[in-house]
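Asks: What TrEMBL records for G70, S71, G72, K73, G74, T75, R183, G226 is ATP binding site. Feature annotation from TrEMBL assigns ribonucleoside 5'-phosphate binding site to R96, R117, I118, V119, G144, F145, P146, R147, R187, R198. Feature annotation from TrEMBL assigns CMP binding site to N151.
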Amino acid sequence: MWRRRVGALLRSPRTSSSASSACQSRRHHLLPSEEPLALNRLARLFTSQAGSDGGDTQKPFIAFVLGGPGSGKGTQCTKIASDFGFAHLSAGDILRHEIASGSEKGELILEIIKEGRIVPSEITVELIRKAMEMNNAKRVLIDGFPRCEENRIAFERIVGTEPDIVIFFDCPEDEMVKRLLGRNQGRVDDNIETIKKRLKVFESLNIPVVDYYSSRGKVHKINATGTADEIFEAVRRLFSSLRL
Ligand SMILES: Nc1ncnc2c1ncn2[C@@H]1O[C@H](COP(=O)(O)OP(=O)(O)OP(=O)(O)O)[C@@H](O)[C@H]1O
Ligand SMILES: Nc1ccn([C@H]2C[C@H](O)[C@@H](COP(=O)(O)O)O2)c(=O)n1
Ligand SMILES: [Mg+2]
């Protein structure tokens, strides 16, 4: 099943224009010569851990972790990773790492993040795909992704799978703003102007993704108010109940 899906993917056309323009109009593609290579590498990754049952059950367990800016995704992911043996891939951290590398792509990402907008999906998904490949983990948290329908569709197309579950941290706006303004980690987007834009983007582009996965029965909503430890109690109950 897993192998067949990746195989189908290798034959699939590029993202349709409607999907690609879902987040914003600028489009960034892999070079034509890169995409089949990337997908072949990925196909190898997910079939190389094949067990005696034919190998289709070795797909990593993937949890997407969503919630508004400052809802505590990163804080809770650190705890889940440590207590439940998950690799923690933060889309935002991966993008910031690309900025720090000084690449041309990083310059573009920085401009977008400063404006509270969403980076073109093909850039983000390719970076996530590489991180998954390097990590080779059996359980993966993907924090802050997908941020919009375009992200979601690009992930399905390039990585060739859907998440097993989606965690949604539900937090009131005023609490998120308070947390972000107090974060003090020197992030270029932790200022009130950018925060307002990020909140708008969250409502208009990210909530539809949560709705999509809700309709597929994948969303676990967690009340993200209270202390980090209180919230983690609910998270712990959820992860303890999963068949991992
Ligand atoms: N339950 C909580 N109560 C108070 N502060 C919290 C709580 N959880 C996290 N924080 C703090 O709020 C800030 C934002 O948390 P965190 O970075 O985990 O959020 P996030 O959802 O990952 O945000 P972003 O989307 O901007 O990356 C941090 O300074 C963190 O220490
Ligand atoms: N899928 C993603 C994830 C993040 N970004 C950009 C836009 C966000 O405001 C910024 C910071 O992410 P965070 O650390 O808050 O998860 O990174 C994106 O464009 N696409
Ligand atoms: Mg975060």
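Using N, Cα and C of the backbone, Cβ positions are placed for all residues, glycine too.
Please treat TrEMBL annotations as automatic predictions, because they have not gone through curation.
A quick note: this is a predicted structure, and the numbers were derived from the prediction, not measured.
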Asks: Do me a favour and check the Cα-Cα span between T75 (ATP binding site) and G144 (ribonucleoside 5'-phosphate binding site); whole Å is fine.
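Replies: Rounded to a whole number, the Cα-Cα distance is 12 Å.
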Asks: Can you tell which of S71, T75, N151 has the least company, meaning the fewest other C-beta atoms within 10 angstroms of its C-beta, among these binding-site residues?
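Replies: Result for the binding-site residues S71, T75, N151: minimum number of other Cβ atoms within 10 Å at T75.
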Asks: Taking the Cβ of R187 (ribonucleoside 5'-phosphate binding site) as the centre, how many other Cβ atoms fall within a 10 Å radius?
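Replies: Taking all protein chains shown, R187 (ribonucleoside 5'-phosphate binding site) has 13 Cβ neighbours within 10 Å.
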Asks: Using a 10 Å cut-off on CB atoms, tell me which of the binding-site residues K73, R96, R183 is the least crowded.
Replies: R183
Asks: Quick check for the class: what is the C-alpha distance, in angstrom and rounded, between I118 (ribonucleoside 5'-phosphate binding site) and N151 (CMP binding site)?
Replies: 9
Asks: When you put K73 (ATP binding site) at the centre and draw a 10 Å sphere around its Cα, which of the binding-site residues R96, P146, N151, R187 have their Cα inside it?
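Replies: Close binding-site residues: none.
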Asks: Which binding-site residues among G144, R187, G226 have CB under 6 Å of ligand 2?
Replies: G144
